[in-house]
Amino acid sequence: MDSSAVITQISKEEARGPLRGKGDQKSAASQKPRSRGILHSLFCCVCRDDGEALPAHSGAPLLVEENGAIPKQTPVQYLLPEAKAQDSDKICVVIDLDETLVHSSFKPVNNADFIIPVEIDGVVHQVYVLKRPHVDEFLQRMGELFECVLFTASLAKYADPVADLLDKWGAFRARLFRESCVFHRGNYVKDLSRLGRDLRRVLILDNSPASYVFHPDNAVPVASWFDNMSDTELHDLLPFFEQLSRVDDVYSVLRQPRPGS
């Protein structure tokens, strides 16, 4: 595979600029030097340089004919299995990885929390991973409050071992990777309707608005994180998630103006 497509993330410049998805084609073509190719390949969740649409997924939503009847077809297969008994009454929270919980780089970092070996085209590369401040307490508490699902546009060969080391408490009931995204207008989008959960009881935490463009009313936005060890975003979000964990319908809260918005 092209070594420029394994990790999906955005740069600091892109985070400060107009809202774009991670790996947006225009920014990738005009701003990213070739040295970032491997990084873009591993983490990049949003764009495919060839512009090729993803193949149809078995979890695609049912099509509805003009008269409202559902055409006969194979029963839909959702991305998630049925919720476990302990999670049956909990809201499902989809949580992003790169620039939300961690930041990764192929450039050596002295204070890396994890070093992940990733094979690309027969060559093993070391990926240096920094944990966002307060991520441990955040995941521990989120796992108690919600049915948590890791959903990243990065490839599993990178994201799976990162999640193994990051999630000490088994907060993530499931992990979804790039192949579970929908390719839409140059971005990898996380289509929440394919999860198999009531959308009134689904949240998504992601630093990229392009990732939840299909369901913006389900989103709890989070600022992109790179290396600021004084960051308190995850800690500051916990009281809001505590509130959301007690509602019957997330729209009753998320469709209301939030302080500072």
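Cβ from N, Cα, C; glycine included.
Summarising the annotation, Swiss-Prot assigns region 'Disordered' to 1-33.
Sequence annotations record features per position, and here Swiss-Prot assigns compositional bias 'Polar residues' to 1-10.
The feature compositional bias 'Basic and acidic residues' is assigned by Swiss-Prot to 11-25.
Residues belonging to the domain 'FCP1 homology' (86-244) score a mean pLDDT of 98 in the model. Per Swiss-Prot, the feature domain 'FCP1 homology' maps to 86-244.
Counting only same-chain residues six or more apart in sequence, the Cβ atoms lying under 8 angstroms from the Cβ of ASP96 (active site, 4-aspartylphosphate intermediate) belong to PHE151, THR152, ILE204, LEU205, ASP206, ASN207, SER208, SER211, VAL222. The annotation active site, 4-aspartylphosphate intermediate is assigned in Swiss-Prot to ASP96.
Annotation source Swiss-Prot lists active site, proton donor at ASP98, citing a curator's inference. Classification of ASP98 (active site, proton donor) by DSSP places it within a strand. Using a 10 Å radius centred on the Cβ of ASP98 (active site, proton donor) and all shown protein chains, the other Cβ atoms total 29.
Packing around THR152 (site 'Transition state stabilizer') is summarised by its Cβ count: 34 other Cβ atoms lie within 10 angstroms of its Cβ, all protein chains included. The DSSP secondary structure for THR152 (site 'Transition state stabilizer') is coil. Annotated site 'Transition state stabilizer' per Swiss-Prot: THR152 (among others), in sequence order.
Under the DSSP three-state reduction, LYS190 (site 'Transition state stabilizer') is assigned to coil, being neither helix nor strand. A simple way to gauge crowding: the CB of LYS190 (site 'Transition state stabilizer') has 29 other CB atoms within 10 angstroms, across all the protein chains here. The feature site 'Transition state stabilizer' is assigned by Swiss-Prot to LYS190 (among others), with a curator's inference given as support.
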